[in-house]
Each structure stands twice: as C-alpha cells, then as structure tokens.
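Peer 1: The S-adenosyl-L-methionine binding site annotation in Swiss-Prot covers Gly123, Arg128, Asp145, Leu174, Gln175, Gln190, His195, and the record cites similarity to another entry as its basis.
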Amino acid sequence: MEFSGTHQAFRNRWAKTDDEMCKHSMSFHLHKTLRKEFFASYLYLLEQIPLVKLYALTCEYIKGEKQFYYRAQNFYKDVPPSEEGMMGDFVEISDIDLEGSRQFLKKFVGPGKAGTKCALDCGCGIGRVSKGVLFPVFESMEMLDMMEEFILHAHECYLGDYADRVESYYLYNLQEFIPPRKKYDVIWMQWVACHLTDKDLMEFLMRAKESLRPNGVIIIKDNMARQGCKLDPIDSSIIRHLDIMNGIIQRAGLNILDVEKQEGFPEAIVPVWMIAMR
C-alpha cells in the first residue's frame with residue numbers, strides 16, 4: 001500500500017540519524033532537537049494518511065517497545081510525589097475530576113451490580129483516585145504503579161488511615177502485570193492507558209477481564225484526542241481518539257457498558273472520557 005513505503009522511509013531515515021549521527025554527537029541538545037522535529041514530521045504524516053496505524057508508531061517507529069517505555073519511566077523520575085505532581089499544571093481541577101469519577105462509578109457498583117469487596121487502581125501514583133474515589137466504596141484496595149517513590153509516599157503519608165486497607169502494592173509496569181484471576185470488582189485505569197502501546201493495552205485488558213469478579217467492571221478514564229492520535233515523545237503518552245480506544249477494547253473481547261465525557265474542565269484541556277466495560 002502507498003503509506004507502507006513512506007513509513008519505511010521514515011523508519012530507515014530515523015535509524016540512520018539515531019545510530020550514526022546522534023550516537024557520535026556530543027550535543028544532547030542536538031539529539032533532542034532532531035527527535036522533536038522528526039516526531040513532528042511523522043505526526044503530520046499520520047494526519048495526512050490516516051491508514052498509518054498507531055501500532056506502527058508506538059511499537060515500530062520508536063525502535064521497539066523498550067525505548068518507548070523507558071522514556072515514560074525516565075519522565076516520571078522528575079515528577080514530585082504530590083497532588084500537584086499527579087495533576088501537572090491542572091491541580092485546580094482535581095476535585096472536579098474526582099467528583100466526576102465518583103458519579104460515574106455509582107452507575108456500576110451496588111445491589112445487582114459490581115460488588116464492593118476489592119478494587120485495583122492501575123497507575124495509582126500517590127493514590128489520589130484511590131483516596132478520593134475508591135476507598136470510600138470498597139472494603140479493600142490493591143494499588144499498582146511503576147514508580148516506587150509514589151507508592152512509598154502513598155503508604156507512608158498520603159493515604160493516612162486508608163493505608164491499612166491496602167491488601168497489596170504492586171511495583172510493576174502495567175504491560176508486564178498479570179493480575180490474579182477473579183479478584184476485583186472494579187479495575188480503575190486513569191491516565192495510564194495512554195502510556196501503553198495498542199498491542200500492550202489490548203493484551204492487558206484481556207488479562208484484566210479474567211481478573212474480574214461476577215458483574216465486575218473495568219473503567220478507563222483518559223485523555224482522548226479530538227481527531228486521530230497524538231504522541232508526546234517526551235513522556236511517551238498517546239492521546240487516542242475515542243473511536244480508536246473503543247476499537248482496542250472490542251478487540252480485547254470486552255463489551256462497552258457506558259461512555260461519558262468528564263464535564264467541568266477548561267476548554268483548553270484535552271477532552272477526558274470515561275469508559276466502562278466488562
């Protein structure tokens with residue numbers, strides 16, 4: 001197909017730039033500048049030729065998954081373990097975000113719905129969502145994050161008395177985590193699906209499906225692109241259009257129960273959507 005040759009040309013040119021020019025250059029600034037300009041060119045190509053698949057962007061174009069995930073982990077090393085760190089420049093919308101999550105969760109938990117025994121918070125950070133949304137509903141929690149500093153701060157400081165109700169902390173990258181079978185009433189994934197490639201997100205959702213208790217649900221809350229997809233090469237986050245996300249969910253064998261946009265955020269912020277599935 002037409003776009004295949006173009007995509008291969010981009011890959012070949014970047015490999016030469018990265019392996020020959022940048023490897024021998026003493027200028028880290030030059031290296032970063034070249035990367036930024038090259039990513040910008042590739043994203044322009046994606047917009048012009050929508051048949052280019054996001055999987056190629058995240059898994060092939062960035063010279064393999066290890067580099068893609070290393071960049072995200074390296075980015076979060078500089079993020080402070082605080083609400084400000086978790087919310088970036090938008091800590092003022094934290095309460096709005098939590099209230100929207102609480103109202104969405106109510107639709108799926110209670111008599112005749114998902115139980116309240118145990119929930120898993122994926123990409124939990126310091127536990128902002130666990131503390132503000134999940135602990136008030138569930139008897140116990142399990143929390144997962146790739147950053148040890150965040151988990152330690154959650155347990156030792158941020159969660160307070162709630163920490164006594166945490167069954168397990170998992171220091172894992174989500175793409176490598178195998179959740180226990182039939183364990184959770186709710187699996188909450190907020191601002192973490194954006195850090196997985198299409199393939200790894202689909203495969204994690206397949207594993208997560210097997211870890212749900214009867215009537216259990218998986219909830220993804222994440223930034224959604226207004227059109228196509230966008231990659232931030234600094235922190236390796238992918239903003240997908242809602243249709244792209246829905247396609248990944250369906251390929252994982254899950255049924256979408258409800259989709260709702262988070263209201264009350266400033267117009268300048270990328271739209272945030274909540275998706276419930278089982």
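Just so you know, glycine gets a Cβ as well, placed from its N, Cα and C.
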Peer 1: When neighbour density is defined as the number of other C-beta atoms within 10 angstroms of a residue's C-beta, which of the binding-site residues Gln175, Gln190 has the lowest density?
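Peer 2: Across Gln175, Gln190, these binding-site residues, the one with fewest Cβ atoms within 10 Å is Gln175.
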Peer 1: In three-state terms from DSSP, label Arg128 (S-adenosyl-L-methionine binding site) for me.
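Peer 2: For Arg128 (S-adenosyl-L-methionine binding site) - judged by DSSP and reduced to three states - the answer is helix.
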Peer 1: Across all the protein chains here, work out how many other Cβ atoms are within 10 Å of the Cβ of Gly123 (S-adenosyl-L-methionine binding site).
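Peer 2: If we count other Cβ atoms within 10 Å of Gly123 (S-adenosyl-L-methionine binding site), we arrive at 23.
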Peer 1: Take the Cβ of Asp145 (S-adenosyl-L-methionine binding site) and count every other Cβ within 10 Å, whichever protein chain it belongs to.
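Peer 2: Cβ-Cβ neighbours of Asp145 (S-adenosyl-L-methionine binding site) within 10 Å number 24.
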Peer 1: Just to be sure I understand the packing, how many Cβ atoms besides its own are within 10 Å of the Cβ of His195 (S-adenosyl-L-methionine binding site)?
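Peer 2: So the Cβ neighbour count for His195 (S-adenosyl-L-methionine binding site) comes to 25.
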Peer 1: Over the residue list Gly123, Arg128, Asp145, Leu174, Gln175, Gln190, His195, recorded for S-adenosyl-L-methionine, what is the maximum interresidue Cα distance in Å?
Peer 2: 22
